[in-house]
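Report on the structure given below.
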């Protein structure tokens, strides 16, 4: 796909629904008793994989674009799947679903695409095994396909080695089905959509700074869910409007969960012209409108407990940093190596091809700005949606057009991404 420079971006967008919240609303609706209605669901490939898996376990789910109805019959009515549960490209689907399957008294097999086959699963399967689930797979349960025989679980006090919402959620969802109280403690607080949404579905949890406890045996009750726009998708347009001259863009109803707004903190630190209007809706997940204009940016240091709040935004932050005065340092982000691709390597190699001055490090990268991006190269998403979108925005400011291979990867989380660039470019 050939993409070239854009003179300016103007107008407003409704960003598609948050991927994390869309996954959980379907899963928790499937576990609950009654009819769960979901508005502004993200119909991207990952979330559709979640729907397909729960349909294979006998759950009735109607999906019409971004409106979804889940008719749950309670956890005990989930049926043994006759076929493989295929999660596609979705790490969230597989890791959270393992927590649910761990407590179900049946056998299931879970696998996904080539990228999922390379992603580490032992960090999830080990605590679930300690609770009593029988899980096996390649390399002793490290890689898919995984075979799960669930059943009676005992509560656990689990110290997670990394701040990961997926690990935390898998253990909490198993804990919901276990005998006793399960506690998960993390080195830093990771995103808390699971805790907020379990509360919405009637489950009580105890939380402090870095740990969460859940009592086994609680029933979920159906809920009505409004899914705010995904801040990880919004980040690409926040960056685009900051970088493309003469731009002003408004993004409507974007999720502002504080465990996810690291990108906003970084943009402010870099000097972006950004206004936030939070809406007081009483929604479990806060959201609001973001207005951003072209800005002169300066370098930032990104590390420590900021990393879990913006791990998925690092590719687009790296692009921003190429246009910021000074050297931006990103560290403590080794988790990037086990994303859809090794994002430390793919971000550095693809941005270098178009003229960026960037050095990969063991746990992050150093980006020297401000550097004009020459473009005029063949680049690739490597099948990673966030790399594809980073390159789509990079093209807008490159001197020469670039040719993006595997652009369809963006459909994992943002099927209308390229159309939305065109929409804002037309208004300009």
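Using the three backbone atoms N, Cα and C, a Cβ is placed for every residue, glycine included.
Per Swiss-Prot, the feature phosphoenolpyruvate binding site maps to 19, 91, 119, 166, 343, 386; the stated evidence is sequence analysis. Less than 8 angstroms from the CB of residue 19 (phosphoenolpyruvate binding site) sit 42, 44, 46, 47, 92, 230, 232, 233, 413, each of them six or more residues away in the same chain.
Around residue 166 (phosphoenolpyruvate binding site), the same-chain residues six or more apart in sequence whose CB sits under 8 Å from its CB are 91, 92, 95, 96, 124, listed in sequence order. Look at residue 166 (phosphoenolpyruvate binding site): DSSP puts it in a helix. The 3-phosphoshikimate binding site feature in Swiss-Prot is assigned to 19, 20, 24, 164, 166, 312, 339.
Marked as active site, proton acceptor by Swiss-Prot: 312. Around the Cβ of residue 312 (3-phosphoshikimate binding site), the number of neighbouring Cβ atoms within 10 Å comes to 24.
Here the binding-site residues are 20, 164; the one with the fewest Cβ atoms within 10 Å of its Cβ is 164. Other C-beta atoms found within 10 angstroms of the C-beta of residue 339 (3-phosphoshikimate binding site) number 20, with every protein chain shown included. For residue 119 (phosphoenolpyruvate binding site), the count of additional Cβ atoms within 10 Å of its Cβ stands at 18 [all protein chains shown].
For residue 386 (phosphoenolpyruvate binding site), applying a Cβ distance below 8 Å and a minimum sequence separation of six or more within one chain yields 232, 312, 315, 316, 339, 340, 343, 413. Distance noted between the C-alpha atoms of residue 119 (phosphoenolpyruvate binding site) and residue 164 (3-phosphoshikimate binding site) is 14 Å.
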